[in-house]
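Chemist: This is the feature table in Swiss-Prot:
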- 1-35: signal peptide (SIGNAL)
- Tyr36, Cys56, Cys59, His60: heme binding site (BINDING)
- 286-306: transmembrane segment (TRANSMEM)
Amino acid sequence: MENRKTFSWLKEQMIRSISVSIMIYVITRTSISNAYPIFAQQGYENPREATGRIVCANCHLANKPVDIEVPQAVLPDTVFEAVLRIPYDMQLKQVLANGKKGGLNVGAVLILPEGFELAPPDRISPELKEKIGNLSFQSYRPNKKNILVIGPVPGKKYSEIVFPILSPDPATKKDVHFLKYPIYVGGNRGRGQIYPDGSKSNNTVYNATSTGIVKKILRKEKGGYEISIVDASDGRQVIDIIPPGPELLVSEGESIKLDQPLTSNPNVGGFGQGDAEIVLQDPLRVQGLLFFFASVILAQVFLVLKKKQFEKVQLYEMNF
């Protein structure tokens, strides 16, 4: 009887442990996969600082190019494409959080003018849906529908990101006017070098925190190193911790200086930002312009006809 109770108790404990492990895995995986947007959204009320710098550059230190393409002008209540290109060498591999090498992810933030927002699914054409693929965009804040974030997503598949945008209608939104507006964009490829709390990731170079001699280099079981540096002047010992990923550049017995690189820089990615302009065009102005062009063309036609008629009259008079 006691054996049965013991077995039942053990079985119950095992089920609880497995359930807790699964929950932790799901929560952890979700937080990692959503890391890029969450880092920016949690740390900053607005992703664009007063200086014009997009805050993603605070964590992604390398500067890389991006390209944004939008129509020159759009009509009110119209769906259009904003195409962001994040170019990089597809053969490159980045250092992952566990120190291993893997493909680069990309992410982006698109800052639209007030009133512009992500197009609803029922307004997106089949052709545009095909260009978008399986991307899932989200607003930076519930009250900031004009700021969109995406990522991290696989760079090999989404180095070109198509945003479906709905233009506002000044007839229904009184704070929107027919004007030229700026659009700002930021795009990254690869992991960042600094976390939002200021700590370093393993995707950056590690420097010596003291001048001295490398007394000992201990290779850790799960990867990475502990480097013991002894100051020759006072015998003070400092231990620098190197996470898995960066390659070591120093050896035991070597003299080093403060801030001297202890590792290579494994970062192959970077962040870039750009801007574009778009005109919210008044349909009446377009109609007026078309009417003007039509008037000019008709005037030219009538002028040609009148000239030919005059030439015929002259020719007729000359025959008499």
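Cβ atoms here come from the backbone N, Cα and C positions, even for glycine.
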Chemist: Can you tell which of Cys56, Cys59 has the least company, meaning the fewest other C-beta atoms within 10 angstroms of its C-beta, among these binding-site residues?
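Modeler: Among the binding-site residues Cys56, Cys59, the lowest count of other Cβ atoms within 10 Å belongs to Cys59.
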Chemist: According to DSSP, collapsed to three classes, what secondary structure does Cys56 (heme binding site) have?
Modeler: helix
Chemist: Around His60 (heme binding site), which residues of its chain at least 6 apart sit with Cβ under 8 Å of its Cβ?
Modeler: Asn188, Gly190, Gly192, Gln193, Gly269, Gly270, Phe271
